[in-house]
Amino acid sequence: SQILLLALLGFVFMLAEGVASDWSALHAVEELGTSEATGAIAYGAFALSMTAARFVIDLVVRRFGAVAVVRYGSIIAAIGIGVVVLAPAFWVALVGWMVFALGIAGVVPQIFSAAGNLPVRKRAVLLARIVGAGYIGLLSGPAIIGWVASATGLNGALLVPLLLCILGIAGATSVRPPTPATT
């Protein structure tokens, strides 16, 4: 159902979003050989791009629609994290983190907006559950990525959010606003 899909997408994209705050600096240090101070710039670049994108995402949604924002945002985010994984140098990874942020910035707000617009009586309860699923993703993400990284290395573990972003392409239609009833 749409409710379960929105909850799954909330989980998936908040987990993916949390990857940058939890792992970007460590990725720069462990995989690219930067100092810890320089590695911290990776999260700063992500956060700056995320903030800038969230300031304009409403304009983008009005112009192209929520489904397009989720679909193409998922593609852009997957490309961004793919660049991070394949980055031969820190500056390339920085660009990847920024592209990841630009792609993912509008996705979670569209999921929550769609949940708030569900045409059901217990909308507030369902919205709380969908947001709760998102926060479970955010909180469980470090453990999931850490577990995968222990088996594959951090670059291998960062393929998890890449694959999760690809799920967003398939689930994008779940954020379509309800059509008004005709009388």
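Every residue gets a Cβ built from N, Cα and C, even glycine.
According to TrEMBL, the protein carries these features:
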type: DOMAIN; residues: 2-183; note: domain 'Major facilitator superfamily (MFS) profile'
type: TRANSMEM; residues: 37-57; note: transmembrane segment
type: TRANSMEM; residues: 69-91; note: transmembrane segment
type: TRANSMEM; residues: 97-118; note: transmembrane segment
type: TRANSMEM; residues: 130-150; note: transmembrane segment
type: TRANSMEM; residues: 156-175; note: transmembrane segment
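Remote same-chain partners of the transmembrane segment (97-118), defined as residues 6 or more beyond its termini with a Cβ less than 8 Å from a stretch Cβ, comprise 2-3, 6, 9-10, 13-14, 16-17, 20, 24, 42-43, 45-50, 53-54, 57, 60-61, 66, 69-70, 72-81, 83-84, 126-127, 130-131, 134, 165, 168, 174-178. The average pLDDT computed for the domain 'Major facilitator superfamily (MFS) profile' (2-183) is 94.
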